[in-house]
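Heads up, the thing below is written out as structure tokens.
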Amino acid sequence: PEPPPSLLSVDVTGLVSQFARSFVLIFPVYVLGYLGLSFSWVLIALCGLFWIRRHRGGKTSRLGRALAFLEDEEEAVRLSVSSADLPAWVHFPDTERAEWLNKTVKQMWPFICQFIEKLFRETIEPAVRGANNHLSTFSFTKIDIGHQPLRINGVKVYTENVDKRQIILDLQISFVGNCEIDLEIKRYFCRAGVKSIQIHGTMRVILEPLIGDMPLIGALSLFFLRKPLLEINWTGLTNLLDVPGLNGLSDTIILDIISNYLVLPNRITVPLVSEVQIAQLRFPIPKGVLRIHFIEAQDLEGKDTYLKGIVKGKSDPYGIIRVGNQIFQSKVIKENLNPKWNEVYEALVYEHPGQELEIELFDEDPDKDDFLGSLMIDLIEVEKERLLDEWFTLDEVSKGKLHLKLEWLTLMPTAENLDKVLTSIRADKDQANDGLSSALLILYLDSARNLPSGKKINSNPNPLVLLSVGHKAQESKIRYKTNEPVWEENFTFFVHNPKRQDLEVEVRDEQHQCSLGNFKLPLSQLLESEDLTMHQRFHLSNSGPNSTINMKIALRVLSLEKQVRSPDHQHSAQVKRPSLSKDARKSSFKPQVPVSPPPDSNKPVPASPVTDSDKKTDTAEKSQPPNASPQWPTDLSRSSSSLHASNFSYSPSHLSVKEPTPSIASDISLPIATQELRQRLRQLENGTTLGQSPLGQIQLTIRHSSQRNKLIVVVHSCRNLIAFSEEGSDPYVRMYLLPDKRRSGRRKTHVSKKTLNPVFDQIFDFSVSLPEVQRRTLDVAVKNSGGFLSKDKGLLGKLLIPLASEELAKGWTQW
């Protein structure tokens, strides 16, 4: 085998050149000192040199600009103006100027300001006062939106790939307002306010449905395709938020608030006709699901350098993937210019006209991450092709390419193809609740009635709703001081196997932290419903006698419909060039902290105490070694080791720790482990010698001690594990009691060297009561330790053990 390439390379030519330049600078100083002359001669010479260079440089620059202007007037003008400062209609021929609209807005601006002031005083102010007793004296003392109107820099109207009963417009809006908004809380003598706001973004306006009667348009929907750029100048007490460090924090918090109301999939819907179904318009079903296989890259630039660039190193690449408002981050591959991630993500696509798949690669550094290239792919092209598996050349860099596999999954309202989909993702065999998704659960939470008062009699609760499917949980907004709350919110969940999973709903009182009622709905009931949809009032258990909650629930099967192509058909996804400069785009796109996964997002594949290990061949927890196998094992199970919650949320950019988004499925990459795993799965399919555990087994004793109020776990031994090297493996067992994944909650056995049948016989305990432990899950992973600086580290197998068993007090011992 070829020896591994050296991590460092020395640029001999650059080293000699650097030495020569240093000698030329230092030698005259030495001569002056040797001759005993004054140091002033050095300063005079340097000043003269700088003046000559500046004079010649300015003259050359003016001459070059003049020649360039003569050759290409348009290109010269565009180069002289920053790309980020140009309006959208300069970059895109299908984006039009809208000066007539700007003149109209300018004429209407005083009346728009009156409406905004009325909105602040009659809607926002009473809502803030009622939210908390401490804010009962809250009031706006001054509301002046300013004389500078909102400006629309460009308008794009979509005429292709849209429904004939709708009109879609994208408005490039920009507002630089000298507004003054002052507020006061008299009870605490607190004054604060805002004296200027800047906001820039793309707002989508959808006019639908088009009807045959006046006013011809049924409703108007408004939302941002992605988070807008925002800058606020604070006054009064909030002036502290302009302090460096807090400035980014405050802007991020406000952007999150805007996202909760105005960034896709949230929207503002204005009905123009009473018969229009507002719920359907406000929260439409997604157009599709994009499954992104983030596989590998090749020939990336080496950004790590030493000794001022004389010694060149490699890079620590990672990727940031964005689809609309959803952001994912891959793991970091250390010291590798040809990284292999083999990660899978799933993203909802609500509005594919105008939306792109955006990918940027960066080199991780302690201070500021270096840019390694970008890519933008039009989702309309992906929808047409359904399946793309290609190498894409990276933009804005001299070299590098990225290997992606993209699947467009259609949402089907029937269960005809469900068995086929479950087989394709191997969800028909395993007992996991996480993995590649076979269906999408869409839930519209409308309202509740006759909720109990909670702990205090005759006091209205502050209700919120907790929704969970498997290990993914989301919660609604809080409605204050009411027992008949109206939420009108939409939620989506990716579902691994709807035949086995349940939707759990619990209404809670936020003020007293108590339950107001709950119910459980097996998703298999939806499979028997018409159009896989249920719209009704559900009665709450452990609640009042007439307590109900009104929801509309729809299940959609994710089907990959392959296009029928002629044999000579060739396709390639349309890769869009970025319209903004790298710096301008990164300011709005590249987060210092990408998505922070939910607490349960790293959970491995759930399993019963006796596991069928064919279901757990994924290795999302395993770090990718630099010399990973170039082949991506296609015959391995794609069961999920983790799946992020579908209500995508961002980590605010003021945090300092970056965490990768857990991949839904990844593969064992070490050649020896991959080869053995393939062999075992092949033997299992042929029905030979391996029984039901191709990844091995682990023997555990689990019981709860009521006297000590602790969960006792005894790790006895493992057998028939995978060999990570020719000498075997160095296994150890790691455990968490989920959802606690803190370092203090981790339990580890000792490492057994060079064995596939280790014996541990170690006892561990977790301090937790019996009622509490029955709501918890034991996360068990068998890992390979390798050695110091060894590359043979990774996952040998994992399982989740639900502890909701009545036999837990007695205990059990099982393989």
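In case you wondered, yes, glycine gets a Cβ from its N, Cα and C as well.
Listed in TrEMBL for this protein:
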type	residues	note
TRANSMEM	25-52	transmembrane segment
DOMAIN	94-273	domain 'SMP-LTD'
TRANSMEM	205-225	transmembrane segment
DOMAIN	272-392	domain 'C2'
DOMAIN	417-542	domain 'C2'
REGION	563-662	region 'Disordered'
COMPBIAS	612-621	compositional bias 'Basic and acidic residues'
COMPBIAS	622-636	compositional bias 'Polar residues'
COMPBIAS	637-651	compositional bias 'Low complexity'
DOMAIN	694-815	domain 'C2'
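Per-class residue totals from DSSP over the domain 'C2' (272-392), listed helix then strand then coil: 12 helix, 59 strand, 50 coil.
Regional average pLDDT for the domain 'C2' (272-392) in the model is 83.
Counting residues per DSSP class in helix, strand and coil order gives 10 helix, 60 strand, 52 coil for the domain 'C2' (694-815).
Counted with DSSP, the domain 'C2' (417-542) comes out as 14 helix, 58 strand, 54 coil.
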